[in-house]
Amino acid sequence: MSSTEAKQYKEKPSKEYLHASDGDDPANNSAASSSSSSSTSTSASSSAAAVPRKAAAASAADDSDSDEDIDQLIDELQSNYGEGDESGEEEVRTDGVHAGQRVVPEKDLSTDPAYGLTSDEVARRRKKYGLNQMAEENESLIVKFLMFFVGPIQFVMEAAAILAAGLSDWVDVGVICALLLLNASVGFIQEFQAGSIVDELKKTLANTATVIRDGQLIEIPANEVVPGEILQLESGTIAPADGRIVTEDCFLQIDQSAITGESLAAEKHYGDEVFSSSTVKTGEAFMVVTATGDNTFVGRAAALVGQASGVEGHFTEVLNGIGIILLVLVIATLLLVWTACFYRTVGIVSILRYTLGITIIGVPVGLPAVVTTTMAVGAAYLAKKQAIVQKLSAIESLAGVEILCSDKTGTLTKNKLSLHEPYTVEGVSPDDLMLTACLAASRKKKGLDAIDKAFLKSLIEYPKAKDALTKYKVLEFHPFDPVSKKVTAVVESPEGERIVCVKGAPLFVLKTVEEDHPIPEDVHENYENKVAELASRGFRALGVARKRGEGHWEILGVMPCMDPPRDDTAQTINEARNLGLRIKMLTGDAVGIAKETCRQLGLGTNIYNAERLGLGGGGDMPGSELADFVENADGFAEVFPQHKYRVVEILQNRGYLVAMTGDGVNDAPSLKKADTGIAVEGATDAARSAADIVFLAPGLSAIIDALKTSRQIFHRMYSYVVYRIALSLHLEIFLGLWIAILNNSLDINLIVFIAIFADVATLTIAYDNAPYAPEPVKWNLPRLWGMSIILGIVLAIGSWITLTTMFLPNGGIIQNFGAMNGVMFLQISLTENWLIFVTRAAGPFWSSIPSWQLAGAVFAVDIIATMFTLFGWWSENWTDIVSVVRVWIWSIGIFCVLGGFYYIMSTSQAFDRLMNGKSLKEKKSTRSVEDFMAAMQRVSTQHEKSS
């Protein structure tokens, strides 16, 4: 295998000794560039060793601990065999999220590490760069609460309340104000509970910092740190700013979980970057501060979150659009009524009462309350499934999601290393290779990393190796060396033989053996070919070798390992496809690893390096071609945070509703940008704050279950909105004609009760039995309005027939044994309440049984409306039972007609095309040619970029 092929074996330095070559890894490239840039400051590198430091490294203290009982350690690990480790395997890229940060000139970073900055220089830089803190935008809670009283529907409700107060109709005033307050309170509470991303980010920041100033090591408040400061890092230190390590020959382990969500510590050396809010686990070093405040990685993440959150939610747009159209219709109806009244010289008080009645019924005052309640009940149900909804509108967004951009580790995979079938050279048994690899592992529980845990857990499959392991005595143990990329242990066999065991990056282990003696050509070739094969398939691999006594080094073989897919992921992905959901994997891992994972899951293998998106200067595709490229890709590997943001943005510009999963601060911008941001199990507080939904259960199946539930909730909301718009149109048409033609109207109090009954009964739709759609759902507003208008017209015709046939001068159907107000109130109430049974069904109204809550609420309201009519409450007279029965029978007939119309409209593709302004019959030949040409263009683009 050539050196070029060897370098294609891509591994990550922060994942210990799994690496054959660091040259290809983007994280390493970032570190390398940092090193090269820091080398311009020769004084920093030459004098770093002269800086006064505290002695005693944490690792030295660790070595003083006695070895734990190996049997007990293995048993404890194997008792949890098959469970996911806490240590993440995905390397999350933290190169930056925003190209607009303020870059500190290199001359300001050339500080002498032995002396630090002078007090005068600190003052100058603080004036230039400001304090080391993130900018705050304090928004008054009162103003935020008052904003929930702003909107088309709210304006109409407020106008109606003022008009009712002018007419001294205090009952109406109270009802309207109560609905306004309910809507505002529910919305405000939900937004307040979601919290502030900036507040969560601030919780991760340090309070103090130890720096060198004027040659003295002093402790200062963290917000006084300035760029160019020499800052001390030691075990337990929380980095107060971004910086670059200037101490040579240092070795730090940094906990970046507050940023990346990954619990496995990252290794840092001379020239590497350290990010604000990272915690030093072991080691000591000094760093030069490169960015402070809003210019740090955390600060830029918060800024990008702010940019993403400035867009109005899709659900809010829909409700506002509906409200505006209804407001226009109300104004048109009022103009008709006013014109008729002026020609008849109707009194001003009567005109105002007519105006109040049209205003109340013209705009669904309870629409926000019912929809909010429906989503709140759905959110409570999702919480029982360990999905915490932080923003109610996210339920509607999730129901319409067409593409899910998912991370790999923990969501698609188990988040634990698993060993696969080992490759052994001729004459070596798998048990022998496993024994040697486990001998070269730490015996301390605290010192175990993900690799050692995977080996010790897997001993259950190698009983001979497990039995032999306890018989060896460890004489020396040398943990992972970042230079030689190996772990070394010197042990004594039961026979007293001294054996040196190593495991590490395969090519480095091979080099160790080759330096001792020539390896047979066939063994050498087979070994390298196996390493190359594993690399191409995305496996990480460990080479294993040993040296017995004074003999030669022996190459034993290679142990491949991988973070395996979750057991339910492949099945869940198939289910997602059946639900019309496309899944794209975005991972920080190498392309080979990403492709192998996708192959095992059946996700597709069109996986590309994220550099092709062009953010790092590697892309040259024009806008439309880039959009096609992203749309047809199955995923991207080696992604930085800005790549995730860009992918979401491109897909949204193509008209897709996109969901994004994430767990770290670096994911916060893309979580906020996505239509539905999903914080997965174990996410940082900042990621949770930026997300719309937080999942406490691991895996993709939890997300798919929530998606199905959200579609059920959407079905309830959609059916209610169709129902409620139809009711408003019904009464606008009917009352408008009644006033304009007959100069009469229903009593204003009964109009208010009709509005209240309509919303009180349907509040329980939140608990209704609802199906979930087999594909992403959308509002399809033209179709929604078409159905609502037709249903409203049918209702208006039914009411007009009731008015003009039951009350004739010489005796109608009711033959004057009933009060007009009471009979019309009952007929309107019954037909409107029953309409919900029509719109809630996916097919004929009898095909789906409503929940007992909805059926009970509607029946209860019907009984109350009947009592109103029988006893003449708010009517001029009582109505006999025979007339009431006739009204019920007539209303049932109207209900059946409504059901027939709705079924035809909901199943007719021609109606859908007509409402959306398309021809009734699609020209298939033209459409087929267009689809074929578009597909060929996309395939050509994909082939060109993959070659």
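Cβ coordinates come from backbone N, Cα and C, glycine included.
Database features, via Swiss-Prot:
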- Asp407: active site, 4-aspartylphosphate intermediate (ACT_SITE)
- Asp663, Asp667: Mg(2+) binding site (BINDING)
- 7-22: compositional bias 'Basic and acidic residues' (COMPBIAS)
- 26-61: compositional bias 'Low complexity' (COMPBIAS)
- 62-74: compositional bias 'Acidic residues' (COMPBIAS)
- 1-144: topological domain 'Cytoplasmic' (TOPO_DOM)
- 166-169: topological domain 'Extracellular' (TOPO_DOM)
- 190-320: topological domain 'Cytoplasmic' (TOPO_DOM)
- 343-353: topological domain 'Extracellular' (TOPO_DOM)
- 377-748: topological domain 'Cytoplasmic' (TOPO_DOM)
- 768-783: topological domain 'Extracellular' (TOPO_DOM)
- 804-853: topological domain 'Cytoplasmic' (TOPO_DOM)
- 875-886: topological domain 'Extracellular' (TOPO_DOM)
- 904-947: topological domain 'Cytoplasmic' (TOPO_DOM)
- 145-165: transmembrane segment (TRANSMEM)
- 170-189: transmembrane segment (TRANSMEM)
- 321-342: transmembrane segment (TRANSMEM)
- 354-376: transmembrane segment (TRANSMEM)
- 749-767: transmembrane segment (TRANSMEM)
- 784-803: transmembrane segment (TRANSMEM)
- 854-874: transmembrane segment (TRANSMEM)
- 887-903: transmembrane segment (TRANSMEM)
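Neighbour counts of Cβ atoms within 10 Å were compared for the recorded positions Asp407, Asp663, Asp667, and the top value is held by Asp667. Stretch with the largest number of CB pairs closer than 8 A to the transmembrane segment (321-342), among 170-189, 354-376, 749-767, 784-803, 887-903: 354-376. The two recorded residues, Asp667 (Mg(2+) binding site) and Asp407 (active site, 4-aspartylphosphate intermediate), show a Cα separation of 10 Å. In this structure the C-alpha atoms belonging to Asp663 (Mg(2+) binding site) and the residue listed as 'active site, 4-aspartylphosphate intermediate' are separated by 9 Å. Highlighted: of the candidate stretches 170-189, 354-376, 749-767, 784-803, 749-767 has the greatest count of Cβ pairs under 8 Å to the transmembrane segment (854-874). Counted over residue pairs separated by six or more positions, the transmembrane segment (170-189) shares at least 3 Cβ pairs under 8 angstroms with the transmembrane segment (749-767), which defines the two as touching.
The DSSP breakdown of the topological domain 'Extracellular' (875-886) into helical (H, G, I), extended (E, B) and coil residues amounts to 6 helix, 0 strand, 6 coil. Through the fold, the topological domain 'Extracellular' (768-783) approaches residues 318, 321-322, 399-402, 578-581, 657, 708-709, 711-716, 718-719, 840, 842, 848-851, 853-854, 911-912, 915-917 of its own chain, all at least 6 residues removed from its boundaries and within a Cβ separation under 8 Å.
DSSP labels the residues of the topological domain 'Extracellular' (343-353) in these numbers: 7 helix, 0 strand, 4 coil. In this structure, the residue listed as 'active site, 4-aspartylphosphate intermediate' belongs to neither helix nor strand by DSSP; it is coil. Across all of the topological domain 'Extracellular' (875-886), the predicted model scores a mean pLDDT of 80. Secondary structure of the topological domain 'Extracellular' (166-169) per DSSP, as helix, strand and coil residue counts: 1 helix, 0 strand, 3 coil. DSSP assigns Asp667 (Mg(2+) binding site) to a helix.
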